[in-house]
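Per Swiss-Prot, carbamoyl phosphate binding site is recorded for 60, 61, 62, 63, 87, 111, 138, 139, 140, 141, 271, 272, 316, and the stated evidence type is sequence analysis. Residues or ranges marked as L-ornithine binding site by Swiss-Prot: 170, 230, 234, 235.
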């Protein structure tokens, strides 16, 4: 059952902080409805005849696939523009690029590095712009996370979510602020040198004073409903690998940590890709250099009943579809 529909037509989706609790929950309700329609083969062409630009400065599997399928399901035409196709800030300014794309497309997705780039696209294009990831925020991921949590835990309010790992990255920032907005008990567990920026902590505390930032694993995971982790090194930070392995090894999600929650129904989430074995070239390289067969999560946890990572990956598509439909679609 959809809650009262807020008017989001024409809005850009750049960060969770730009939306109220009611608006974020509406995105989740709409995503659940669209997920059900897709499952039952019910057409939902809310973007019939629209053209959508998909700008990718950073490579992607899930984000690109999710936006492409979401566009197609909604009746829109997606146009992929990769790193070699766009000249943002090189041969053409972001402002000029935004103005050109806004004349040709009805909506723009951007996945890249600087958050200022997606803000400039939104400011200058005249069409809704959706953030597929920047160094600061990853809001489409957080919506998928929240939908997955609601499906498996049954609610969001007062749910204890523990993010373990690099607390300064975009996923941690978005979970901290987005989770606080919807009333969750968010805990970031990481070494002090990797705590979120103070401005992000302060922003989260505006919505929920209960947020916890700690380096103590036992304290963080006690009674947790959700354990969440991400890669130890983000794209563009590869030179920090040895340092991060040393820092974050005690924060690996393993069965000992799962048991320390005291909750046999605790769920495990990861935005993927996850380094839980040596079945990739990257995994082999890490094993050769550092002797680690598993990194941020053990294979045992990744493949266990606790793991909901593939539901979470699928939900990227449904939540992205909801964001595009609500901000660009004909929802009457």
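Cβ coordinates come from backbone N, Cα and C, glycine included.
According to DSSP, residue 140 (carbamoyl phosphate binding site) sits within a helical segment. Across the fold, the C-alpha of residue 87 (carbamoyl phosphate binding site) and the C-alpha of residue 170 (L-ornithine binding site) stand 24 Å from each other. The distance from the Cα of residue 230 (L-ornithine binding site) to the Cα of residue 60 (carbamoyl phosphate binding site) comes to 15 Å. Candidate binding-site residues: 62, 138, 316. Fewest other C-beta atoms within 10 angstroms, 62. Taking Cβ-Cβ distances under 8 Å and a sequence separation of 6 or more, the neighbours of residue 140 (carbamoyl phosphate binding site) in its chain are 13, 63, 66, 130, 131, 132, 133, 316, 319, 320, 323.
Sequence-distant contacts (6 or more apart, same chain, Cβ under 8 Å) of residue 170 (L-ornithine binding site) comprise 133, 134, 135, 136, 137, 138, 234.
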